[in-house]
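Visitor: Next up is a structure, given as structure tokens.
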Amino acid sequence: MIKLEKRPQPSDLWSVATPIVAVLATMIFGGILFAFLGENPFEAIRTIFWDPLFSEFAFYYRPQLLVKGAPLVLIAIGLSLGFRAGIWNIGAEGQYIMGAIFGAAVGLAFYPLDSMIVFPLMILGGALGGWIWAMIPAILKVKFGTNEILVSLMLVYVAEQFLAAASLSFLKNPEGFGFPGSRNLQQYPAAHNAEIFAGSGMHWGVAFAFIAVIFAYVLLNRHMLGFQIRLTGEAPRAARFSGVKPARLILFCLGTSGALAGLAGLFEVAGPAGQITIDFNVGYGFTAIIVAFLGRLHPVGILLAGGLMALTYIGGEIAQSNLGLPAAAIQVFQGMLLFFLLAFDLLTNYRIRFAKREVA
Amino acid sequence: MSVLLSIKGLTKAYPGVVANDQVSFDIGEGEVHALLGENGAGKSTLVKMIYGLVKPDSGEMTLRGAPYAPPEPSAARADGIAMVFQHFSLFDALNVAENIALGMEDPPPMRDLARRIREVSETYGLPLDPARIVGDLSAGERQRVEIIRCLLQDPKLLIMDEPTSVLTPQEVQILFETLRKLSSEGTAILYISHKLEEIRALCDTATILRLGKNVGTCVPRETTAREMAEMMVGSALQSPERSGRALGEVALEIRGLSAASPSAFGTSLKDLSLSVRKGEILGIGGVAGNGQDELLAVLSGEIVTRGDAVALHGQPVGALGPAQRRALGLLTAPEERLGHAAAPDMSLTENAMLTGAAREGLVGNGFLRWGKAKDFAQRIIEAFDVRTPGPENAARSLSGGNLQKFVIGREVLQRPEVLVVNQPTWGVDAAAAAAIRQALLDLATGDTALVVISQDLDELMEIADNFAALNEGRLTPPRPTAGLTIDEIGLMMGGAHGMEVAHV
């Protein structure tokens, strides 16, 4: 009989090895899945993990990695702060949308003014939009004890309606021949989130993602607030005994994750997407939840996980177009990754023993 | 007296520790047999083997001459062995009869069961209404539910694990009458305890365990408590020293405080007043669940009240949170070590930060000084002889006694003006308990005011200057411990809570 035995100390080895083993297991079982679909598993795995980085067309795919990875990392960093403290913001997608709408609205309000101040104001607007949207579940939780999971999640659908309204009415391009969608910010230089180095994929959102990683690392490891976040997650009663004010923590964690998600939305709308459209959001806010856990809620881990997730996205697209794999198979593949990660995570705190059956 | 249960060479090893090593003894029919030993001596493992919860690695048992090796507790119960655990397994939201039915193999209809509960409870002097909700019962009444659950099976051997830790002295006397009656009817009792006077009053024979080995058997009535203690510990015991102290001005005062308990089955504090002077140790006794946790929370700042309800050096602090009170010198150590006083999965360094941040200067401008925190943790480990490889180890990797020394040491080393501790030596071995008591006495000598909340009356008599008792959220007026008799203490703790002596 297999028995799980709690380790006296979390294993350092396994907390590092878990993501690696999980990726390997995903490759093996993903390969089996692809084999059942009639593809050569080695080619499929190579297409997903190798081609985006090192194939002959990698010059095109590598910038895409940064473009896809940056919003994931930016949002996941914010989410991880709350998740560490047991505060579950599931509505980053909505905060991302609201950040994009607010930021784009600021930019469009100045159109066609050509000034250095427009883009920084848009950044503030984006952060504010996401922050406001996250403060709704935060304040409701603090004042009335509502469940932030439900409130933040439902606000995603409200934000999607705002997005549709924005593209159809108040942000609609007056010169757009009646088509839904705002002006294209890529054609408004003062508001365009252009690449910092042309052709690199490195736009301001990527820079902010790196800054967020460093900020979160310092906060969690060196600052009292970060210590309180970790303490609350580990032992809520001990946190209150230590003097943590739960309400303050809820407002901070939800507010920060909202602001970061809003920033991600702003950088996307002002850069790669270019305009507010009805189908502007593509699920970064939800995928970021996976990225946060894949990175073990650790800032550096999230950076790596964001890169890995972007890789499976782009590799998955290549596999779809080159090998004709169905999109659902790629999603199953990504789901496997999270599943194995959580499964192997058990080994950090438990060890497996094979023992003969003993009647309890 | 014929032998009921005979144990020969029972051995059980867990990874890293031999819990029982070649333990042998006999229990006779109708005998009250004490199993005596410190925490970690292997008493629990031994009775779990008798009750079928744990399988021995080697050794054998015979019950009335027949081989006995219960694969699971239901088999042990079928053979007439019943056990009352130290920690009750009752559902708060169900009534007494329902709880008892849940523990039976095939319970009779509820009406018959209620009648039998009444019969048994009257015969043995354990009054209990089968229709009452368990969540509303006192700890002593809950224990009665567990005992009656066992008696309904008509056991040949009743195992009782530390039964008196939740009882007042009067309730203890009544329990003993019940046990004596059972014994006279031929039921053997295996009585686990580390309270020597109780064992001397009740038991016919005592088997003493130390570090998993049977180190001796004695007849308690003919042995002094000190001799038994030294067999149990394996060395001469050192009593804490208390030096005469002059008491200073009032350091901590509570005036007319009422506070609702945050938990549904907790005890609210009712119009509670106390004052402690510099250099004084105020001992607060009482049966568990009479407002001890709430009193600590009110003092630590986890429950905030009217500002002037709690005063530190005359300054109102009732409305302040835990961090602010700590900064002013009011320090506390809660009962529950893991999850309340310490975060289980965090290192000792991080746990030193948990309460030491302000007073030990472990933060500057909001940034943490990990180097200083590690030094502080190291100082606690050295000063209180905490057995651990180092401050980077997780709190949960420490044994209960070692973690308790760390938690108490963490507060003591912060030079408190007022220190409040709840159950400072709960589950701690005798040597560690003596060290903790000595540290508390030394603090008092250094002019700190202390409030020690404890269920261990001997402990309070040993170190406290004044004694008060908590009973259903009310505090009695304090009385000097010198000259206080055990009967007076029992009455302060609420007497017998309506229990009556068994109708022998």
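Glycine residues also receive a Cβ, built from the backbone N, Cα and C atoms like all the rest.
In case it's useful when we look at the structure, here is the feature table from TrEMBL:
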- A:12-37: transmembrane segment (TRANSMEM)
- A:65-83: transmembrane segment (TRANSMEM)
- A:95-111: transmembrane segment (TRANSMEM)
- A:117-140: transmembrane segment (TRANSMEM)
- A:149-171: transmembrane segment (TRANSMEM)
- A:202-220: transmembrane segment (TRANSMEM)
- A:249-267: transmembrane segment (TRANSMEM)
- A:273-294: transmembrane segment (TRANSMEM)
- A:301-319: transmembrane segment (TRANSMEM)
- A:325-347: transmembrane segment (TRANSMEM)
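On this model, are these features tucked inside or out on the surface, and what's nearby?
Guide: Sequence-distant contacts of the transmembrane segment (A:95-111), counting only residues of its own chain at least 6 positions beyond either end whose CB sits under 8 Å from a CB of the stretch, comprise 71, 75, 89, 118-119, 121-134, 156, 159-160, 162-163, 166, 171, 182-183, 185, 188, 190-191, 257-259, 261-266, 268-270, 273, 275-276, 280-281, 284-285.
Only residues 6 or more beyond the boundaries of the transmembrane segment (A:149-171), in the same chain, are considered here, and those with a CB under 8 A from a CB of the stretch are 88-95, 97-98, 100-101, 104-105, 108, 133-134, 136-137, 140-141, 180-182, 254, 276-278, 280-281, 285.
Outside the transmembrane segment (A:273-294) by six or more residues, the chain places 19, 71-73, 75-77, 79-80, 83, 90-97, 100-101, 104, 156, 160, 163-164, 166-168, 171, 173, 180-187, 261, 264-265, 301-302, 305-306, 308-309, 334, 337-338, 341-342 with a CB less than 8 A from a CB of the stretch.
Panel annotation: around the transmembrane segment (A:301-319), residues 19, 23, 44, 47-49, 51-53, 61, 64-66, 68-70, 72-73, 76-77, 80, 209-210, 213, 216, 287, 290-292, 294-295, 325, 327, 330, 333-334, 337 of the same chain, lying at least six beyond its termini, place a Cβ under 8 Å from a Cβ of the stretch.
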Visitor: Six or more residues out from either end of the transmembrane segment (A:12-37), which same-chain residues have a Cβ under 8 Å from its Cβ atoms?
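Guide: Residues 44-45, 49, 294-296, 301, 304-305, 308, 325-326, 329, 332-333, 336-337, 340-341, 343-345, 347-348 contact the transmembrane segment (A:12-37) from elsewhere in the chain.
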Visitor: Is the transmembrane segment (A:65-83) packed against any residues at least 6 beyond its ends, judged by a Cβ distance under 8 Å, and which are they?
Guide: 52-53, 89, 92, 96, 200-203, 205-206, 208-209, 212-213, 215-216, 219-220, 229, 233, 252-254, 256-261, 263-265, 267-268, 271-272, 284-285, 287-289, 291-293, 295, 297-299, 302-303, 305-307, 309-311, 313-314
